[in-house]
């Protein structure tokens, strides 16, 4: 039997999943990751905790699956994107905590870049908007604020990487400093047209080129692991940022196919094939997972606070004791009772891109209960995703394509039937949940399997993808449009300054 090991390093946890060659889950191991909040708007992770937790889950999952290292054909890696690490090449020690994608400390630097007229150049070269979300300004902050970092970087003593690079450095005992195109495309330093680091952007952000990892296609041989770590040297055959990996795991291989991952944030991606189509509706252009040197692209919309709104209900508002309660509480009322929540706790992402927006709850009356607020919180995830898909469809039509015909879904919150049905109602298209919702890890496994001969091509992978449930719209379009209009009014209140 052939098995593939996916290392899935996420924002809230490190996980490892073993899949068989049919894409079925054999075993899962998980360890929570400590969230560090030094100041309001700052979010960090301990790089050594990232590494040790990921290695521990890899060992745990082999034990759970009752497999030997020799049973694993290849390893695939998928990871939280944009999170920025800087470490010493000689010692392998990080010079600072990892700055997480949610972190907003680099916003003043982004404002300077906008004032310098860099917005159009950065969007044209990278497909991204100037935002503290991406790695480039986080890296610049580290160079400017960690004592001695800039001098060390200019001497070639430091290495920059996103989480995938950091894990591969550790997995190989410091032998490789590499990333894949999908992760590189999220740095605001990578030219998505030329598939290489952009010298002009590195210069504009005052980042030494010696810091940067080499870049490979997502499905390729990156390295072999140090045999001492897992009992045998195993090939790392696939690497992709979590959202591009999920797009691949959802078998969205053709232009116009789209998926939404409902995790800490929500991430909606539509494959655009070999065309690097610009967005005119506030969306990002990004590199999709590549299986060869030929570029592939996707359009992306990012929601900063998706499932995290449920965590806030539990930990911040103390409205629920556990995340599992939210569906039953929300279902105890027929609707949100006029309550609308905009969870802009860290600003708003696409298609609004307002770093100064703050969370609001509107429509409160004496009759409002905690159940109405819970339902409004859940519905806010669907509203944000619907705004993204509508923007995406407008871009697709403008480029001569057609609106998205169905939305494939995955991630932890996709198991919530109430949320999925409301999503279908707002969109007016089927929302399709696959049998395996661990599509982020599955995508990494597929990429590794492709490069090592387990699979022959994307056609074979498409046949493995199976539907668990299809949610059909039941709400009339007039009602859905009125609901979206109410959402946009609430957003305007959240973004008012």
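Cβ atoms here come from the backbone N, Cα and C positions, even for glycine.
The feature sn-glycerol 3-phosphate binding site is assigned by Swiss-Prot to 11, 81, 82, 133, 242. In the shown protein chains, 25 other C-beta atoms lie within 10 A of the C-beta of residue 82 (sn-glycerol 3-phosphate binding site).
For residue 412 (ADP binding site), the number of other Cβ atoms no farther than 10 Å from its own Cβ, over all displayed protein chains, is 18. Taken from Swiss-Prot, the feature ADP binding site covers 11, 15, 264, 307, 412, 416, and the record attributes it to sequence analysis.
Sequence-distant neighbours of residue 12 (ATP binding site) (same chain, 6+ apart, CB under 8 A from its CB) are 32, 33, 35, 264. Look at residue 12 (ATP binding site): DSSP puts it in coil. Under the heading ATP binding site, Swiss-Prot lists 11, 12, 13, 264, 307, 311, 412.
Look at Swiss-Prot and you will find 81, 82, 133, 242, 243 tagged as glycerol binding site, backed by sequence analysis. If you draw a 10 Å sphere around the CB of residue 242 (sn-glycerol 3-phosphate binding site), it holds 28 other CB atoms from the protein chains shown.
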Task = Report the residues of the chain - excluding 11, 12, 13, 264, 307, 311, 412 - with C-beta within 8 Å of the mean position of the site's C-beta atoms, for the recorded ATP site, in sequence order.
result = 10, 263, 308
Inquiry  = For the glycerol site (81, 82, 133, 242, 243), what does the 8 A shell look like? I mean other same-chain residues with CB within 8 A of the CB centroid.
reply    = 80, 83, 101, 186, 241, 267, 302
Key: Separation of alpha carbons, residue 133 (sn-glycerol 3-phosphate binding site) and residue 307 (ADP binding site) (Å)   = 18
Query = Which of the binding-site residues 13, 15, 82, 311, 416 has its Cα nearest to the Cα of residue 243 (glycerol binding site)?
reply = 82
Request  = Among all chains shown, work out which of the binding-site residues 11, 13, 243, 264, 416 has the most CB atoms within 10 A of its CB.
outcome  = 243
